[in-house]
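A.B. asks: I'd like to ask some things about the structure below.
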């Protein structure tokens, strides 16, 4: 007899559980196909951010996951798992999809951290380099097992693992370090980066006079949102986007955590009931469906023209204007009533003497017509005032 399983016959409720897992994968697969055919994202929504390319890569990884899970229907039809080409293919697809989901989720988190926290522009060369590097890493990690790690005495690298095919139990270290490690690392990095971004945009994480970061415990009264004026000035739409984008790492963590905890408990020798394993796998295989739903609603959250700081100009303000607020200044917007609008419209009719006598300097700013919550970069403003002046 070979030192590995060649067939695994389903017992009890295993066939039903595997069917639900396959249906969850089918749901994600159909969702991705629907997005590609009927609801393709508008590229202009992600202008100057490179976000669309990263999201497409994430969807490709989810597609591989879904195809691997749908292949469980073959085992359901046969009443058990059998080693062979289909089993090896399923193991490789599931491994590639799971790795891809982890890697591309953390790439998106790091990219948004650079845009929102570090205020750096999205670089096309860096984007192409990351695309090539990440997919190369995924391919190498998937193929290194069968090519370099697989041993004759231990059996095939991709084979029967539980009630489906994946990295076999004869390679436990590879199961942990070549997949679950990346999942834990991705969830942890995403959580930390998004928390730091939100703390800065909320005015809680600030720089002091020595250009060092510190936590600000209190904020000025009556100010709901503080915007960093020391570098690129951003508006409430950017803050709104960052709040919404936090659902990507949150969703990933919620979906991947149950199956990881179950697997780690199984590795530790604890008896895990099959229904718990099946439930965790069903939740995990809905990742493609959840990401599609987030992308569909993403265009509603993102302005028509990118609200990220990549298209805005730097505005250096005199240090005295915010020296007492540690580099932070409140951004306040309000609607004008009809009387105030009439007063502003009459500015052009006043002569220079009248303007000098006014105690208030009125500046008329006409913004281009955009959807609600759109970010309008300063270079597109039509203003009667001089740029760079402090009003």
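Glycine too: its Cβ is placed from the backbone N, Cα and C atoms.
Automated prediction, rather than curation, is the source of TrEMBL annotations.
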A.B. asks: Between 274-296, 297-319, I'd like to know which one TrEMBL lists as transmembrane segment.
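C.D. replies: Of the candidate stretches, TrEMBL labels 274-296 as transmembrane segment.
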A.B. asks: Given the ranges 80-99, 160-179, 180-199, which one is assigned the annotation transmembrane segment in TrEMBL?
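C.D. replies: In TrEMBL, the transmembrane segment feature sits at 180-199.
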A.B. asks: Name the residue range among 101-118, 209-226 that TrEMBL annotates as transmembrane segment.
C.D. replies: 101-118
A.B. asks: By Cβ distance under 8 Å, which residues at least 6 away from the ends of the transmembrane segment (180-199) in the same chain are close to it?
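C.D. replies: Contacts of the transmembrane segment (180-199) (Cβ under 8 Å, skipping residues fewer than 6 from its ends): 98-99, 102-103, 105-106, 109-110, 112-113, 116-117, 205, 215, 242-243, 245-246, 248-249, 252-253, 256-257, 260, 263-264.
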